[in-house]
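Colleague: Got a structure for you, written out below as structure tokens; questions coming shortly.
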Amino acid sequence: MADAWKDLASGTVGGAAQLVVGHPFDTIKVKLQSQPTPAPGQLPRYTGAIDAVKQTVASEGTKGLYKGMGAPLATVAAFNAVLFTVRGQMEGLLRSEAGVPLTISQQFVAGAGAGFAVSFLACPTELIKCRLQAQGALAGASTTSSVVAAVKYGGPMDVARHVLRSEGGARGLFKGLFPTFAREVPGNATMFAAYEAFKRFLAGGSDTSSLGQGSLIMAGGVAGASFWGIVYPTDVVKSVLQVDDYKNPRYTGSMDAFRKILKSEGVKGLYKGFGPAMARSVPANAACFLAYEMTRSSLG
């Protein structure tokens with residue numbers, strides 16, 4: 001139980017560090033993912049990541065890059081407590097004897113279990129965040145574009161109240177749960193396995209206790225990049241479902257969204273916002289893992 005509390009505290013600190021560093025990149029990613037497909041002959045609202053940054057800062061100021069941070073900030077303790085605590089508990093179940101490091105394949109399984117558990121928190125949190133981040137990109141969409149364009153949200157609680165009142169109650173907050181599973185389970189499995197594998201590569205063996213902060217930063221960056229490298233299309237599907245109009249939906253489900261994106265935009269449509277996501281993943285996850293390791297070490 002003592003280890004669980006240490007994982008909880010360390011995960012909370014790591015998650016806060018990740019959020020502060022990575023949220024502006026995430027805002028741009030969601031804006032690019034959720035902007036409506038332009039009519040033939042017209043340009044999209046944002047021509048790329050840099051253009052999205054310029055337009056966001058011009059219309060909303062720098063604070064626009066941090067729009068929607070209240071939702072993940074309010075739940076960062078619970079989110080990372082679940083992620084790192086479940087991972088720690090699964091490590092205990094998988095470990096053959098006390099003090100023996102897990103194999104990389106066992107780290108993969110532990111990460112998958114943590115990803116499954118955290119999906120139940122990630123889905124409603126990210127639905128709220130995506131609605132807030134995307135409303136600027138959707139504001140110019142026509143009422144026939146089947147996106148949530150008319151609703152203007154005042155903040156995270158306003159989104160939650162609207163969904164609970166007008167979109168099927170609590171079930172509405174879990175819109176996009178399937179693609180959230182499809183992202184979090186393989187993504188976290190790969191991320192934790194890659195993190196441990198790279199640490200062992202740098203240490204030259206399974207004892208990684210002597211690694212310095214620079215090595216932990218590199219390992220965290222590699223881990224973050226590996227997460228997005230394998231699951232990014234599922235994140236695009238999740239985002240478009242979560243900002244889709246409840247009354248006049250464009251998509252009937254995850255597979256329908258996948259097929260329609262592929263048909264209308266090609267494979268590149270499944271990688272909208274990939275640049276900002278990868279640019280975010282390296283520093284944000286480096287900050288997360290470094291903060292986690294330092295806090296965990298200080299707790300003994």
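Every residue, even glycine, has its Cβ placed from backbone N, Cα and C.
Here the structure is a predicted model, which means the values were calculated and not measured.
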Colleague: With Swiss-Prot as the source, identify the stretch among 8-28, 134-154 annotated transmembrane segment.
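Modeller: Per Swiss-Prot, the stretch marked transmembrane segment is 8-28.
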Colleague: Under DSSP, the repeat 'Solcar 2' (102-201) has how many residues in helix, strand and coil?
Modeller: 75 helix, 1 strand, 24 coil
Colleague: For the transmembrane segment (273-292) and the transmembrane segment (8-28), check the count of CB pairs under 8 Å (sequence separation 6 or more) and say whether it reaches 3 or more.
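Modeller: Judged by the Cβ rule, the two regions touch, with the required three close pairs present.
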